[in-house]
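For reference, the structure discussed in these notes is given below.
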Amino acid sequence: MQTMTHTNEQIIAYLQGKLTPQERATLLEEAQHDEALRTAIMAQMEANALLLLHESQTNMEEGERQLRTFKTRLRRKRWLHAAKQSWRYAAVLLIGMLTMWFFLPKPAPTKPTLSMQTLHVPYGQHCQMTLPDGSKVWLNANTTLRFATPFVSERRLFLQGEALFEVAKNKQLPFVVAANGVNVEALGTRFHVKNYAGTPLCVSLLRGSVQVYRPEAPQKGVILLPHQSVVATNTGFERIAFNDQISTWQSGILSFQSASLAAIVQELQQYYGVKISIKNRNILQTRYSGRFRTSDGAAEILRVLSCMQGFKMSENKRNNEIIIR
């Protein structure tokens, strides 16, 4: 297929979200059929990502130098999808649900050299990525995921925050998510883990089966079947009602089903990183149901709820605080 000649400026404009929808669609369509163009886009993305790992560096030449060093350990491609643009975080390029390709460390022929990968999603954003084994992961706002590559005897990931996992089947490599002293082990399944600081660890199963246990007492673990959930307690695990709206955030939706204002406020603080102070404690247990776009923001969501209940709210943007009275 005959394609246009695209300059570095066009590719950079694509990464920065400055192309028109038509220009972006044309570029991506041509990249599907033009390996040279596809390679150029990938190289530019990788250079940007490596540049972000060194905040004191301010030029693309240094980013490209870091990329060449990084590529000496490369092995396979993986894909990273993001919901919104963010140039502040080294681990994730969040450019509005576009695709990023990057590579994983290459093991030595005899003894693999493990390299720890860390991805962080900032407040107010979420992203999707594909692991080197083909498993898909959706990461919610304020979430950090760490894992060592290449996967050797198991696929072990460490989670702080919230994520949805769709596991590629591989009986030779157990898939384990470690979160807050608890292991969630699965083989070919789809499950959700919520592990924010200050809240109990919650595991929900959408498909397949998982075993949830503490490494020091695996015999006290529980096995979940589809549409079952558990929370970790000081003494073990407690089964709770399954919420079928638990992962709507992956589609840019915050969904509440008869949720107390206290629970909603907690969700908004976790997602947007905003402080919400409630002066009127009498309304904490008032319940609401509704669906909101994550792009609406915490203040707009609370304004809608205030119209339903009649409470008053104000913003202190200087302190990133919302006050409810």
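Using N, Cα and C of the backbone, Cβ positions are placed for all residues, glycine too.
What TrEMBL says about this one:
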- 119-211: domain 'FecR protein' (DOMAIN)
- 254-324: domain 'Protein FecR C-terminal' (DOMAIN)
- 86-104: transmembrane segment (TRANSMEM)
Open item on the list: Limited to the domain 'FecR protein' (119-211), I'd like the whole-number average of pLDDT.
Closed with: 94
Open item on the list: For a three-state summary based on DSSP, what are the helix, strand and coil counts in the domain 'FecR protein' (119-211)?
Closed with: 0 helix, 54 strand, 39 coil
